[in-house]
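Record features, source TrEMBL:
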| type | residues | note |
| --- | --- | --- |
| TRANSMEM | 43-63 | transmembrane segment |
| TRANSMEM | 70-92 | transmembrane segment |
| TRANSMEM | 98-120 | transmembrane segment |
| TRANSMEM | 132-152 | transmembrane segment |
| TRANSMEM | 158-176 | transmembrane segment |
Amino acid sequence: SDLRQMLATKSVENIQFLPFLTTDVNNLSWLGYGCLKGDGTLITINAIGAALQTLYILVYLYYSPAKRPVLLQVLLLLAVMVTGYGYFTILVDTGTRLAHLGLFCSIFTITMYLSPLADLAKVVRSKSTRCLSFPLTVTTLVASSSWTLYGLQLHDPYITVPNVPGIVTSLMRFWLFQRYGPEQDKPYSPLPA
């Protein structure tokens, strides 16, 4: 929906750039893990995800009035990716490379899933779910549950473990939607009939 909004309004107003960037790093990291492991599912899904996130970044850059900060963040991302690639290919021996990259991907994914906790605290304080996206919550639950089940099927803790926080935070957001639903956002109370 962010891409649709950018294309419709020809503006990046009210759209944060950092989630596009961090999701791209996450997809590219898991793509590397999938390539190293030889897992076609990881390769396919994360290649598509990385391509889409890169498209979002390019559209954001195109419509952004302040291109310099966006370009600096993209260059920082590229520097991190090149440094990571160098670390995992040159400094880490072949026998432990998969474990090191799996641990990196796991930590990064856990961080991404836990990042909305600040929004959850804001929802509880304001008793309003206006800052939460219901479609994103549904998508996060489906994706994290799917990856958890896939990781369990493969007996791969690097895939299983980091997706459990996605399930937990999604369930917490569903509870908040139920507790502080849209009717809570009304600034007035209806008169009794």
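Each Cβ is built from the backbone N, Cα and C atoms, and glycine gets one as well.
Tertiary proximity for the transmembrane segment (158-176) is limited to same-chain residues at least six positions away from its ends with a CB under 8 Å from its CB atoms, namely 33, 42, 99, 102-103, 105-107, 109-110, 113-114, 116-117, 120, 123-124, 129, 132, 137-138, 140-141, 143-145, 147-148, 150-152. Within the chain carrying the transmembrane segment (43-63), a Cβ under 8 angstroms from the stretch's Cβ atoms is held by residues 2-3, 6-7, 10-12, 15, 17, 20-21, 23-24, 27-28, 30-31, 34-35, 70-71, 74, all 6 or more beyond its ends. Long-range contacts of the transmembrane segment (98-120) within the same chain, counting only residues at least 6 positions beyond its ends with a Cβ under 8 Å from a Cβ of the stretch, are 22-23, 25-26, 29-30, 32-33, 36-37, 84, 88, 92, 131-132, 140, 144, 156-158, 161-163, 165-166, 169, 172-173, 176.
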